[in-house]
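As recorded in Swiss-Prot, the features of this protein are as follows:
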{"type": "MOD_RES", "residues": "Q1", "note": "pyrrolidone carboxylic acid"}
{"type": "BINDING", "residues": "C18, C21, H22, M102", "note": "heme c binding site"}
{"type": "REGION", "residues": "129-158", "note": "region 'Disordered'"}
Amino acid sequence: QDAPTGDAAAGAKVFNKCQTCHMVVAPDGTVLAGKAGKTGNPLYGLDGRAPASYPDFAYGDGIKELGAAGEVWNEADFLQYVADPTKFLKTKTGDTKAKGKMTFKLPNEKEAHDVWAFLNSLAPAPAAAEAAPAADAAAPAAADAAAPAEPAAEGAAT
């Protein structure tokens, strides 16, 4: 997955519009963002995740179809979805009757980029999450590093 292009701090402010319906809750149950919004699906770990894949959430048919087809969330699709959920679903599924359950729209592209960056700042990237067990073994070395991201950045350049 590519690094988000938005401003996470600005996205935190824009997320105030989203928290009426959505929350970001870590796997351990810690609420990272949002209040009591349960109308919309949880948004933790969205990058690289299949649409409609959070358990115990009543998704619409169109978004479930995308998840079943093997699609995964990325920044470009997120931007299109939040700009117009129904249009996105019709385009992606090819079903002219597809309808998004999310009625709110965020057509401002900069704000959408910022929200994506904010959501990504709250959850590990898919590659980082998969590498977590190996990272535990290297914990003593990581403790000596100036910044946790430096080893990954150096490794990515090779």
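Each residue, glycine too, has its Cβ placed from N, Cα and C.
Note that the coordinates shown come from a computational prediction; the quantities given were computed from them, not determined experimentally.
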Exercise for review: Consider each pair of residues in C18, C21, H22, M102, all listed by the record as binding heme c, and report the largest Cα separation in Å as a whole number.
Suggested key: 11
Practice item. Could you check what DSSP calls M102 (heme c binding site) once collapsed to helix, strand or coil? Key: coil
Check your understanding: For the heme c site given as C18, C21, H22, M102, which other residues of the same chain have their Cβ within 8 Å of the site's Cβ centre?
Key -> Q19, T20, G37, T39, G40, N41, L43, F104
Practice item. Would you mind checking how many other C-beta atoms are within 10 angstroms of the C-beta on H22 (heme c binding site)? Key: 22
Check your understanding: Sequence gap of 6 or more, C-beta under 8 Å: which same-chain residues meet both conditions with respect to M102 (heme c binding site)?
Key -> C21, G40, Y81, V82, P85
Practice item. Check each residue in the chain of C18 (heme c binding site) that is at least six apart in sequence and keep those whose C-beta is under 8 Å from its C-beta; list them in sequence order. Key: G34, G37, G40, L43, F104, L106, V115
